[in-house]
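Each remark here refers to the structure printed beneath this line.
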Amino acid sequence: MGLVCFPDTQDKIPSIPVHLTRVGVTGVKKLLKIEREGRRPIILLPTFDAFVDLPSKQRGIHMSRNPEAISDVLEEVVENNALELESLCAEIVNELLKKHRYARRAEVSMNSDFMFMKRSPVTRRKSQEMTKIMADAIGYRDDDGIVIRKMIGAEVVGMTVCPCAQESVREASRQKLLEFLDDETVERVLDCVSFASHNQSGRGMIMIEVPEDQTIRAEKLIDIIESSMSSPVYELLKRPDENAVVMSAHENPMFVEDCVRNMVHRIVSEYPHLPDDTIVTVRQINEESIHRHNAFAEKVATMGELRYEIEELNGAGS
């Protein structure tokens, strides 16, 4: 007995002919092993979202083709062992547009936990640290074929210390010390001690567009984000480490705005070779300890715009 030919309901004309921007699947979980020459492979458990647009004259997309496209590309990656995460998403976008001939746009996003090793600042104890890495790709059909733009990113947790509250504590301490010390001694005392403040658990995020002939490593983005807050955080800290982290953070207080500007400055310094039209998104969310709300700051710009602000404007003001 042969296979039964079922009717293709998706190809019917919808009762309400409206174009849909994104239709697809979310939360597709996969196992991905990335081989590295001379080093241990990276094992990821990424989650994929995959979408195409839908013309107004078609009732539905062929939904099974989306997870099928993800699986097909991942199998190919396992065989070749050579593909960056953002390029992986771009390949899935390309496969989606092949499978959905009626679509003019496809979009794939991926996020995964990423483990890396880090040593504590004083005792040098090694521990596994977890962070998030992301990749996106968007493809369009035009008269010349398929145009794809891809991005790589990371999100890292760190620690921030509020400068405003710290200055208030410093001034209150000054007034207290002046009750029994002279001005010069008070200033000497204030200059050699750290002052209390309220802290935040900060989450920094960077997403950078990756031009076709360029490579941006997620590990470098992790470094940039960590170094842009008051202090990194660690899974394992002994007492000397804990003291060092707290002291270091309070010697380096930052607003949420400072963190974003620090990341922007480091991105401009680290990637002078990226084209001016490269899109960059930088975001910081600080989870407050003494408020019920959180603090947020963001910068979305091209590399050319960032370079102008950092180099031209700052140079003119110096």
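Start at 1 and count along the chain as shown; that gives each residue its number.
The backbone N, Cα and C atoms fix where each Cβ goes, and this holds for glycine too.
Quick look at what Swiss-Prot annotates:
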SITE      Cys162  site 'May be catalytically important'
Assigned element (helix, strand, coil) containing Cys162 (site 'May be catalytically important'), judged by DSSP: coil
Same chain, 6+ residues apart, C-beta under 8 Å of the C-beta of Cys162 (site 'May be catalytically important'), given in sequence order: Ser197, His198, Asn199, Gln200, Pro253, Phe255
